[in-house]
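Student: Have a look at this one.
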Amino acid sequence: MAGGGFGPAGGGGDFEAKITPIVIISCIMAATGGLMFGYDVGVSGGVTSMKPFLKKFFPAVYRRTIEGTDSNYCKYDNQGLQLFTSSLYLAGLTATFFASYTTRKLGRRLTMLIAGVFFIAGTAFNAAAQNLAMLIVGRILLGCGVGFANQAVPVFLSEIAPTRIRGALNILFQLNVTIGILFANLVNYGTNKISGGWGWRLSLGLAGIPAGLLTVGALVVVDTPNSLIERGRLEEGKVVLRKIRGTDNIEPEYLELVEASRIAKEVKHPFRNLLKRRNRPQLVIAVCLQIFQQCTGINAIMFYAPVLFSTLGFKSDASLYSAVITGAVNVLSTVVSIYSVDKVGRRALLLEAGVQMFLSQVVIAVILGIKVTDHSMDLSKGYAIFVVIMVCTFVSSFAWSWGPLGWLIPSETFPLETRSAGQSVTVCVNLLFTFVIAQAFLSMLCHFKFGIFLFFSGWVLIMSAFVLFLLPETKNIPIEEMTERVWKQHWFWKRFMDDAEGIAVNGKDPKKNGHFNGFDPASQL
């Protein structure tokens, strides 16, 4: 829990900035990377519940769903089926290391363009797949796109947005993830009705729409001033800064960016620098947020919503329809987060959601424990509807908290010299645990049965305690002033900031090297 108060606003807090059309357009175009990611998450669960798809690629699972001899909880327990979903995240995990380099050396914009090309190639392979190998190759290419997009887009949004609405604009990424999931659920519901058994190809092929939007978007947006200045294009950075801020009074912010960039260039090994004591708070929080985000169980539900509802006794159409409902709740709740994140703050949203997620998962576990056994299904229509309501309650609380804030908080807390490396680690850890959950969930469902929801609710308790005691509030704090106004004021993390004091900058006393509005370059070392 944040100890003490924050010091008076300085530096970035007083920067003049209008909310210009170019900022809004750039953020909307960049956030289509989230649309593609969301579509990939949502479409896989839908097609894996379609019988023609299972018959072609996973005949063993198809036979089990037809015969009904296995446990209700184990019908879809198949490592190959789980690999179809999880291979995307394993590829993304690998790609993010390359994306860290391109984000830093080639810029945020070009990295988003590379992501778009990977997405288009992966979509083509999936839609035309003739065997499991083609299907997996397509998912791997999509995963590479996810690695590049998730690396560049959150950083792009944090850097281009004015401080006072940074949270709301950054959450556009997560909003588009949820819209992508909803779009995929609607497409799956429609294509499942196509006679001839080729509906799954259309589901996978329509991923080309968000892939094309991201590619076009990356061609038309401007790169961020931070990125241009970091790569030595100072005048171009100044021109872009003036354009996106909508004012000529940009000198204070420009000087602060130049100073932060100069210090960043002194760091030759950003990944090694991440491990230094003074960078530990940001690193620990970024890693823990990603682990906790996956351990809420959200991706297990969103990947496999149709399969999960089918397991609970819903017919094929009904399971896809229920997934559409949860997808819609996901979108609407993310809009709540956009409105409230810069008003209520990050911590309040996370703590409230912890209570809501815990209670809804316990209720689901109790109902399933009583009503759904291995070989009998006593889930009446009333109880089935109640389960869907509880899933929606869980999804809504996640969508205005851990969903967007798991990406927002790391992207706004790392200083410039470790930002690309920090974002790379963030994406890497997220994709690693997403892969683990995606690969293991159907097997866990088979062995834990209704206890799977108790397993995830236990994690919700742990993460809520972490937020309560160790996560500081970062709303309305300029990115380049996090060290001074957040970490040095926190009851626990301030002890890691001791070695940031008194470090010479170019052999000079950092306190004497400061300038305008109390900005302290030493705080960026």
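Note that Cβ sites are derived from N, Cα and C of the backbone, with glycine treated the same way.
According to TrEMBL, the protein has these features:
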type     : residues : note
TRANSMEM : 19-39    : transmembrane segment
DOMAIN   : 26-475   : domain 'Major facilitator superfamily (MFS) profile'
TRANSMEM : 80-98    : transmembrane segment
TRANSMEM : 110-129  : transmembrane segment
TRANSMEM : 135-157  : transmembrane segment
TRANSMEM : 169-190  : transmembrane segment
TRANSMEM : 202-222  : transmembrane segment
TRANSMEM : 283-307  : transmembrane segment
TRANSMEM : 319-341  : transmembrane segment
TRANSMEM : 348-370  : transmembrane segment
TRANSMEM : 382-403  : transmembrane segment
TRANSMEM : 424-444  : transmembrane segment
TRANSMEM : 450-471  : transmembrane segment
Student: Is it the case that the transmembrane segment (80-98) and the transmembrane segment (202-222) have 3 or more CB pairs under 8 Å, with pairs at least 6 apart in sequence?
Tutor: no
Student: I need to check the long-range neighbours of the transmembrane segment (19-39): which residues 6 or more away from its ends have a CB within less than 8 Å of a CB in the stretch?
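Tutor: Same-chain residues near the transmembrane segment (19-39) but 6 or more away: 112, 115, 119, 145-146, 149-150, 152-153, 156-157, 160-162, 165, 169, 172-184, 206-207, 210-211, 213-214, 216-218, 220-222, 243-246.
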Student: What average pLDDT is reported by the model for the domain 'Major facilitator superfamily (MFS) profile' (26-475)?
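Tutor: Within the domain 'Major facilitator superfamily (MFS) profile' (26-475), the model's average pLDDT equals 86.
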Student: Quick check: do the transmembrane segment (169-190) and the transmembrane segment (202-222) share at least 3 Cβ pairs under 8 Å, counting only pairs 6+ apart in sequence?
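Tutor: Contact between the transmembrane segment (202-222) and the transmembrane segment (169-190): present, because at least 3 Cβ pairs are under 8 Å.
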Student: Looking at the stretches 110-129, 202-222, 382-403, which one shares the most CB pairs under 8 Å with the transmembrane segment (319-341)?
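Tutor: Comparing 110-129, 202-222, 382-403: 382-403 has the most Cβ pairs near the transmembrane segment (319-341).
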